[in-house]
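S.K.: Below is a structure I'd like to ask you about.
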Amino acid sequence: MSKLSSTYFRSLRPYFTGRSIQCQRQSICMRPKTVTAPGRRCFTSGARDRAAVGVFTPTAAALFVATGVGLFYYFRYEKQKLLEQRQKELESRSVGRAHVGGPFTLTTHENKPFSDQDLLGKWNFVYFGFTNCPDICPAELDKIGSVMTSLEQDYGTIFQPVFISVDPARDSVSQMKTYLTDFHPHIIGLTGDYATVKTTCKAYRVYFSTPPDADPKDDYLVDHSIYVYLMDPNGQFVEAFGQSSTPDEVVERVKKEISEFEKETGRKV
Amino acid sequence: MGWFSRSSAEQSPAATRQDRQKCWESRDQYFECLDGVGVLTAGEEGTACTKSKFQYEKSCAKSWIDYFNKRRVLAEKQKDMLAQSQLQTQEVKRKL
């Protein structure tokens with residue numbers, strides 16, 4: 001045998017001796033137990049059973065069961081929480097919200113500046129149109145008016161309808177002022193220079209056809225998107241109402257949105 | 001009627017609620033007359049609806065008249081198309 005292998009066996013010897021001692025000790029320890037505990041214990045024979053009993057004490061069993069039950073309820077609770085969260089996300093308007101709206105500064109029909117910041121803190125109806133509009137704009141503005149009257153009866157003055165002109169060449173501040181005397185008194189008319197109106201329309205995903213060099217004296221019509229946008233008090237887009245939505249439908253929808261907003265944010269407007 | 005006549009260099013004010021109402025009424029009368037003589041496209045009726053046409057042109061701006069006339073034709077085409085599609089769906093249902 002080489003020198004190397006002999007050292008190898010020598011080094012292993014203490015391990016084997018140690019183990020044999022342990023085995024001896026265990027059998028010594030176990031023996032009194034089997035003797036003192038007759039009955040059931042007598043029938044459990046063999047080192048394996050005894051070892052199992054040695055690890056699996058009643059305390060350990062109780063701990064095991066308790067941990068199991070605890071984990072079971074913990075996971076069930078976590079799963080429930082996850083489900084609730086997902087449900088809330090589904091219901092919440094903040095998920096999958098369309099990116100409509102953006103910064104702008106225009107002039108009101110009272111010749112005061114008005115920016116997107118002035119939309120905050122109120123429920124806004126934003127509508128784009130022009131004063132020389134043959135039939136759709138006045139009909140939509142009247143619809144906003146009737147919706148306003150109905151909602152203000154229930155909620156007070158927490159609404160702000162905004163009418164943004166897509167015909168800045170003709171819709172001057174005074175023109176807007178005269179035009180709006182025919183409609184709900186709370187409607188705010190907004191106009192500005194062509195570039196500002198264009199950027200505002202772009203932010204609101206509104207298309208319009210007025211050429212930048214339109215002659216105010218000309219008799220022309222403007223083709224434009226005809227949606228009424230509902231924006232929440234945080235200035236976030238909520239819904240777009242088309243021509244086919246009736247005033248009652250709009251009122252119902254707005255009421256639902258208000259109660260949901262109050263639930264979500266915990267505050268009233 | 002002042003607001004729609006564009007002879008002067010001044011920009012005319014937008015139509016008021018009364019102006020609009022008047023225009024829509026005259027339009028409806030004129031279109032009713034066209035329906036009566038079986039004409040779809042305004043202007044093809046000859047001398048049949050001169051009176052209501054005069055009132056219509058007096059009460060509405062030129063751009064509005066163009067728009068209403070075009071829409072009348074489009075609405076009719078749409079009606080035809082809707083009727084046709086309905087017929088087609090009915091036929092398909094019958095075959096099924």
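Quick reminder: no glycine exception, Cβ is built from N, Cα and C everywhere.
I grabbed these lines from TrEMBL:
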- A:C133, A:C137, A:H224: Cu cation binding site (BINDING)
- A:C133-A:C137: disulfide bond (DISULFID)
- A:95-259: domain 'Thioredoxin' (DOMAIN)
- A:55-75: transmembrane segment (TRANSMEM)
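Each of these features: where is it, how hidden is it, and who are its neighbours?
M.R.: Taking the Cβ of A:H224 (Cu cation binding site) as centre and 10 Å as the limit, one finds 21 other Cβ atoms among all the protein chains shown.
The Cβ of A:C137 (Cu cation binding site) lies under 8 Å from the Cβ of A:Y127, A:G129, A:F130, A:T131, A:I226, each of these being in the same chain and 6 or more residues away along the sequence.
For the transmembrane segment (A:55-75), no residue of the chain approaches it from at least six positions outside its boundaries, judged by C-beta separation under 8 angstroms.
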S.K.: What are the other residues, in sequence order, whose C-beta lies within 8 angstroms of the center of the C-beta atoms of A:C133, A:C137, A:H224 at the Cu cation site?
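M.R.: Not counting the recorded site residues, we get A:F128, A:G129, A:F130, A:I136, A:E140, A:V166, A:V222, A:I226.
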S.K.: With Cβ-Cβ distance below 8 Å and at least 6 positions apart along the chain, what are the contacts of A:C133 (Cu cation binding site)? List them in sequence order.
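M.R.: Residues satisfying the criterion: A:L221, A:V222.
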S.K.: Restricting attention to the domain 'Thioredoxin' (A:95-259), give the mean pLDDT.
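M.R.: Reported value for the domain 'Thioredoxin' (A:95-259) is a mean pLDDT of 92.
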